[in-house]
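This report concerns only the one structure given below.
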Amino acid sequence: MSYKDQIDLLKLPEHIAIIMDGNGRWAKEKGKLRIFGHHNGVLSVRDVVEGGVDLGVKYLTLYTFSSENWNRPKLEVMAIMELMVSTINKEIKNFMDKNVRLNAIGDLHMLPEKCYEELTNAIKTTSKNTGLVLTLALSYSSRREIVHATKSIAQQVKSGEINIEDINEDLFGRNLYTGDMPDPELLIRTSGEYRISNYLLWQIAYAELYFTKKLWPDFRKEDLFEAILDYQKRERRFGKTSEQVN
Ligand code: FPP
C-alpha cells in the first residue's frame, strides 16, 4: 500500500510547516552551481503543494528565504529573487486551477520591487480561493516577528485600545504574522540538519518535528505523505499522561 493510502484523512495535520533545506548541497553533489539546486527545489515545491491539495491539507507554510539569507553572495540572492518572480508568474494559473490561496509572511518590504509586486499581485489574484493556503515565509525571522508583535501590542495599550490585562497567549498569537492561521501541528526539515533556524518559534510550541536526510530537491509528495504517516503514529499528549489522552 502506498503511503498516501495509509493516511487517515480524518487525522490530517491542518497546518504543515516546512524548512526546505539542502538545495546548495544537492547542486554541489552534481557539480553544478547552487542556483541549479534552487531551480530544482521549485519542482519539489510544486509537487508538495500538489500533494497537500490532493489530501486536503488546509495550510502549508514554506521557509523560502530567511532574514539571514540576505547575507548570502549577492549573485545568489539576486538569482533566488528572479526565480521567485518567474515561479510565481508561472504558478498563478496552477494556483487558480487548484483553488490555492497564496500568502506571504516576513519583512516583505525588504524584497526587490519587482518581486514584491509579483507577489502582492499573485496574493490578490488568488485571494478568493478557498482551498490550501500556501504561505511563503520571505525575508522571515521569527524573533523579528515576535518583536513586531510586541511593539504592536504595546501600541494598542498606549492608545487605550486594550488593557495590559487583556494580553494573553491568544492575543499575542493573533498579533503575529500568522495571526489568522492555526499553529502548525507538523514541522518538516529536510537535509539532515536538526535545527529550527529562527522559524515559527512561537507557533511550533506543540508541533511534531520530523527530520529527513533527503535534500529538498529530492523531496516529493510521497515524502510528504511519509512524514504525515509518521505524525499520525505519534501520541500528542500536550503535557498530559498517556492514559489521559487515550
Ligand atoms: C535552502 O537550501 C533553500 C533556500 C534558502 C531557498 C529556497 C528557495 C526555493 C526552493 C525556491 C522556492 C521558490 C518559490 C517561489 C517557493 P540551501 O541553499 O540553504 O542549501 P544548503 O544548505 O545545501 O546550502
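Even glycines carry a Cβ here, placed using N, Cα and C.
Listed in TrEMBL:
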type	residues	note
ACT_SITE	Asp21	active site
ACT_SITE	Asn69	active site, proton acceptor
BINDING	Asp21, Glu208	Mg(2+) binding site
BINDING	22-26, Arg34, His38, 66-68, Trp70, Arg72, Arg189, 195-197	substrate binding site
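Taking Ser67, Arg189, Ile196, Glu208 as the candidate binding-site residues, the subset whose CB lies under 6 angstroms from any atom of ligand 1 is empty.
Glu208 (Mg(2+) binding site) falls within a strand segment according to DSSP.
Cα proximity to Arg189 (substrate binding site) (within 10 Å) is found for the following recorded positions from Asp21, Asn69, Glu208: Asp21. The recorded positions shown are Asp21, Gly22, Trp26, Trp70; of these, the one with its CA atom nearest the CA of Glu208 (Mg(2+) binding site) is Asp21. Secondary structure from DSSP puts Ile196 (substrate binding site) in coil. For the recorded positions given as Ser67, Asn69, the lowest number of other CB atoms within 10 Å of the residue's CB is seen at Asn69.
In the three-state DSSP scheme, Arg189 (substrate binding site) is classed as strand. Using a 10 Å Cβ-Cβ cutoff, His38 (substrate binding site) registers 22 neighbours. When the Cα atoms are compared, Gly22 (substrate binding site) and Asn69 (active site, proton acceptor) turn out to be 14 Å apart.
Neighbour counts of Cβ atoms within 10 Å were compared across the recorded positions Asp21, Glu208; the minimum falls on Glu208. For the recorded positions Asp21, Gly24, Trp26, His38, Ile196, a Cα to Cα distance of within 10 angstroms from Asn69 (active site, proton acceptor) holds for none. Under the three-state DSSP scheme, Gly22 (substrate binding site) falls in the coil class.
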